[in-house]
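Under the heading signal peptide, TrEMBL lists 1-19. As annotated by TrEMBL, domain 'FMN hydroxy acid dehydrogenase' applies to 43-381. The FMN binding site annotation in TrEMBL covers 122-124, 151, 174, 202, 250, 272, 308-312, 331-332. Look at TrEMBL and you will find 176, 212, 274, 277 tagged as glyoxylate binding site. Annotated active site, proton acceptor per TrEMBL: 274, in sequence order.
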Ligand SMILES: Cc1cc2nc3c(=O)[nH]c(=O)nc-3n(C[C@H](O)[C@H](O)[C@H](O)COP(=O)(O)O)c2cc1C
């Protein structure tokens, strides 16, 4: 009897000392059960059924300091939360009586063909999630035929990333507007020489990064970002003389700025609030695209528009496409998926493709190119954002 009690007590102690309890951060409940997981160890990839599951898995593996560095956003994270929640106020229209036996996700971005209308957005320092860092993001993107846009603040050099590209793989590259002009010129040259096909120029954190409290707890005061604070319209026009590659301004948040980029002759813009990491209170991409539709609709006819922020599901991609985006970026999710290395990133891409295909089939649309505003009802968002 005593030994049975002792055995029971010992088993309970064992169970409680290893069972992992993770704060799910209010993410949608997917029924994910973490009780068999071991803290600090990568859970089985087979347990993953959504991009949110992968975030929780990453939280279990990446050290608290670096998980915070990826997950963090600015100030009270109002924009970060809005990015995740905006989808609740959007409705998708599904049409019956259509042939949806053959779904086609393919699209082109700046004239280059890709298998899917979503891409891996620039996210700095991928190496804290996996030693392969950006290399597995590049190879997974290449194998899946999707676009990858490495960050200029990557763990691996831009040449190392270019070297793992598959034959014919097209990548763009992100650049910041450094106050150190020599650095800027040199990097633009290196990006071009390494074979990247376009520059994604981040214009939403000129001068300074947002104040990211969750991360500051580990790092102390915000370090000097090294970004130019004097970057104005004249500099934006002038920067095109420094490279022969097409430039896509990233971080457009108003119809006014979208129109300016159109007037200056840029081939594309990238609507983004930087995953909520820069201006807290900035609108979501859904709201920004609606603003452009109302106040500068010619933008969609005369240039390509990309968008990101809070995209975790296939129907989020479809919502942004329906509002006029040609391609949709993912920032945090690929980093989190990379805790398994390339195989995790590939699994993430497959999950999103499956969700996209399924949603399109259920909406009655077989071609990504045909997705338009007839598929989306945003009246609720508009009534809140515009007041009518
Ligand atoms: C850890 C992290 C690092 C980032 N680094 C960059 C960067 O170097 N350059 C840039 O333009 N955007 C950067 N971003 C913003 C992303 O490109 C993208 O706009 C944002 O993450 C999209 O939101 P999501 O994370 O909800 O998908 C970063 C985002 C994260 C989460």
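Even glycines carry a Cβ here, placed using N, Cα and C.
The Cβ of residue 308 (FMN binding site) has 121, 270, 271, 272, 275, 285, 328, 329, 330, 331 as same-chain neighbours under 8 Å, each 6 or more residues away in sequence. Taking the Cα atom of each, residue 174 (FMN binding site) and residue 274 (glyoxylate binding site) are about 13 angstrom apart. Here residue 310 (FMN binding site) comes close to 80, 82, 83, 84, 85, 86, 87, 275, 284, 285, 316: these same-chain residues lie at least six apart in sequence, with C-beta atoms under 8 angstroms from its C-beta.
Residue 277 (glyoxylate binding site) is surrounded by 22 other CB atoms, counting those within 10 A of its CB over all protein chains shown. Counting Cβ atoms from all protein chains shown, residue 250 (FMN binding site) has 26 others lying within 10 Å of its own Cβ. Cβ neighbour count for residue 312 (FMN binding site): 22 (other Cβ atoms within 10 Å of its Cβ, all protein chains included). When the alpha carbons of residue 312 (FMN binding site) and residue 212 (glyoxylate binding site) are compared, the span between them is 22 angstrom.
In the three-state DSSP classification, residue 274 (glyoxylate binding site) falls within a helix. Of all the Cβ atoms in the protein chains shown, 24 others lie within 10 Å of the Cβ of residue 274 (glyoxylate binding site). Highlighted here are the binding-site residues (122, 124, 176, 312) whose C-beta falls below 6 Å from ligand 1: 122, 124, in sequence order.
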